[in-house]
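**Student:** Before I ask anything, let me first share the structure, which is written out below as structure tokens.
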Amino acid sequence: MENLKNSKNISIQTLIIISFIIIILTTSLLIGYIIFKGWLGLADRSIKQTLSHVDKEILSQVNQFIDIPIHLLEVNKELISQGVIDLNDQNQRESFFTSVLANHSQDIIYSFSFGSSNGNYYGARRNLSNKIEIMRNNQATAGHSWYYSVDNNFRAAKKTVDAGQFDPRTRAWYKRAIDNDQIGFSEIYKHFVMDDLTVSTSTAIYNKQGGLQGVLGAHIVLREINKMLKKISDEEQTETIIVEKNSGKLVGNSFNLVNFKNLNDNDFTRINIKEINKPILTKAYSEYLTQNRPGFDYYFRNQKFYLSVIPFNRNGLDWLIISSIPVSIFSNAIYHRMKLAGLLILISLLTSITIYLYLTNRFLNPINQLIEVTEDFSAGKLSQRAEITGSDEIARLAISFNNMAATINNLINNLEEKVAERTVELEQSNDALKDNIEEISYISYHDSLTGLYNRKYFEKQLKEKDKQENLPIAIIFADLNGLKLTNDIFGHDAGDELLIKAAQILKNFCRSGNDRSEDIVARVGGDEFAVLLTKTELKVANSIIDRIKKQFNQEKIRAVKASIAMGCDVKDHIFQNLERIMDNAEHEMYKNKTLNRKKVNHQMIETIMDTLHNRSSREREHSLFVSQLAVRLGRKLGLNQGKLKQLKVAAFMHDIGKIVLKSDLLEKISNLNEEKGLTFLSEEEKKSVEEHPVIGYRILNLFDETVELADIILSHHENWDGSGYPRGLKGGEIPVMAMVIKLAENMNWTLNFTDEEKSYAEIAAEYKADAGKRYDPELVAIFLEVIKEAYFFKSNEE
């Protein structure tokens, strides 16, 4: 108890000093820990970035190394196969091979040669002195490979070596090229002259007639890979090897290790990754083969390493690039710096505590004086004020206290006035809050477009109205027809207009107000509505549906006849599930929609055509004429009754897409040849007119009954030579019925909408001139027969 009492009597100054020391120590340790972890994390990321950089650099260098012989073969293959280089011309041949070899890397490509299909072997190589020599092997050398020194003109000079009998057709690189059309690499082998591993790139060459001429090869030594790996690894302190994936045999390494061993009798063996003393790299290879791990960290002898394995697979080469990097190259320096940082933190801590003790003693006296004044003020001496000395923070605190004391004094003296002011402000805030709550409540339960209730409110009312006193409860489910058509063809503004009109009709036929039970009308989906009616029998609900449908039949939005599919069901007994009643109503709606689908679709199309023809009597005459003449031509072509019916309907509705045109533009084009007359329209008007086949296609594609007509309508302004619109089809790409409609349509303009009458000869000449350009030539001849037989010209004409 005594200890507890003593702890309560500890001064604030002492508590502040103890707290300061604890905070400084805790903060220092925490910051040190965070910095240490951050450094280690940064080191970890730096190591991974370094390893990633090494991998990318090595992969880039290896690709460049492989690209050199591939590029050499790609460039020169065509010169030989196309006969630009005549290999039978000795001077041209030897100049070609020596100049190509001289222009390529001395350290990579040591030989460039051609083995013919009859066993001849020509080319150029570099000898052990890095001098270029010419190779000859043919009947003149008795099948031996002779090598010649080269003069300044890249011609053979002195014979230097007879390498003995040699047939290129027995070599692996030759056989690989014959079996594979692509440029590729042979297996790695040791060159019989160069003391190094070698790989050959080869490709078969065929003459213009497809006959095999031979195989062109570029032969490279792999010592440059070792040099490249060592340079990159030395710079980044990594170790890297390249091995064959399946065999594990070395291709290159960064530690100056020879990749093969010479045996007796001029034989050799390649070194396997398991034979080198690099357990870390061997581990990476093993993990990749067994678990397909491209990268991981690995501890070896208490040291952490990061490993990466990159597959390299090109043109027959299947290698793995394996790299490792020790974490210690970064972490050792970090641990050293952490020790130094810890020492500096300790020194800073001791210095801070000393300074803090001095400052607290200096500034606590004014604080004690301020405490005495506040105690007097709290005791009721409201006139007490703190003494202000200096301009430091304590002085500012004293000023603030004095201001606060003056404010409190004024508030106490004017309390009633302030209470009245605050009361008015609170009442205003409450009124605004009520308004906001009412607005939010309205938005949460209403559809923003139609003003009807939304699904959330409807489902809530289903539960609230499901009571004995409300029986029978009827649910009407409705689906608006034609919304997609309206949106797609006339835009979403028209679609919104259709939804709003539907909402108004539904509301007009449902109960509202306080004197009767309110019917709940809700928009529960994009084009779906539901109505909840209490105390309503099935007969009454069906009567409401009939009146709603009758009203819908009298409405039309733009050119779309409004219609709605509806179904209902009634809950008569309390034990019935109201949600099941709603499902039944929805089922009845879909049943009604399915049964009347053809009728509704037909009415929509018919309404669109009637609207178009009411806007332009010329369009009605035009549709009838084109339909009749198209059928005549169809009969002439031998179409069956089904196809004739399809052609008749397509021809009648071929301009249905004009429904979106403005009335003045529709009237203007009704008096013009629709194709030749478009030149008199503005660019904007022309663009609108040329869109009507696309609009017609989109309309007819919305209905099962007319989907087969859509492509015909889309194509009836295409020209035989591809100059038509909208898709630029030509020739046989254009449906036959579309071309029939095009001929009939233009004949309508020719006969009925021109100022001068034309003779049959003039008409025939005009259409024959356009045959092969605008029209199918075969159809033109048959069409002119139809015109002649139908007497669409004067009786005294030819």
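The backbone N, Cα and C atoms fix where each Cβ goes, and this holds for glycine too.
Because TrEMBL annotations are produced automatically, they should be read as predictions rather than curated entries.
Note that this is a predicted model, so its numbers are computed, not measured.
Taken from TrEMBL, the feature transmembrane segment covers 12-36, 340-359. Summarising the annotation, TrEMBL assigns domain 'HAMP' to 361-413. Under the heading domain 'GGDEF', TrEMBL lists 471-605. Taken from TrEMBL, the feature domain 'HD-GYP' applies to 597-798. Annotation source TrEMBL lists domain 'HD' at 619-750.
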**Student:** Could you count the residues of the domain 'GGDEF' (471-605) that DSSP puts in helix, in strand and in coil?
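**Tutor:** Helix, strand, coil within the domain 'GGDEF' (471-605): 68 helix, 32 strand, 35 coil.
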**Student:** Using DSSP, how many residues in the domain 'HAMP' (361-413) fall into helix, strand and coil?
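**Tutor:** Result for the domain 'HAMP' (361-413), in helix, strand, coil order: 39 helix, 0 strand, 14 coil.
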**Student:** Per DSSP, how many helix, strand and coil residues does the domain 'HD' (619-750) have?
**Tutor:** 91 helix, 0 strand, 41 coil
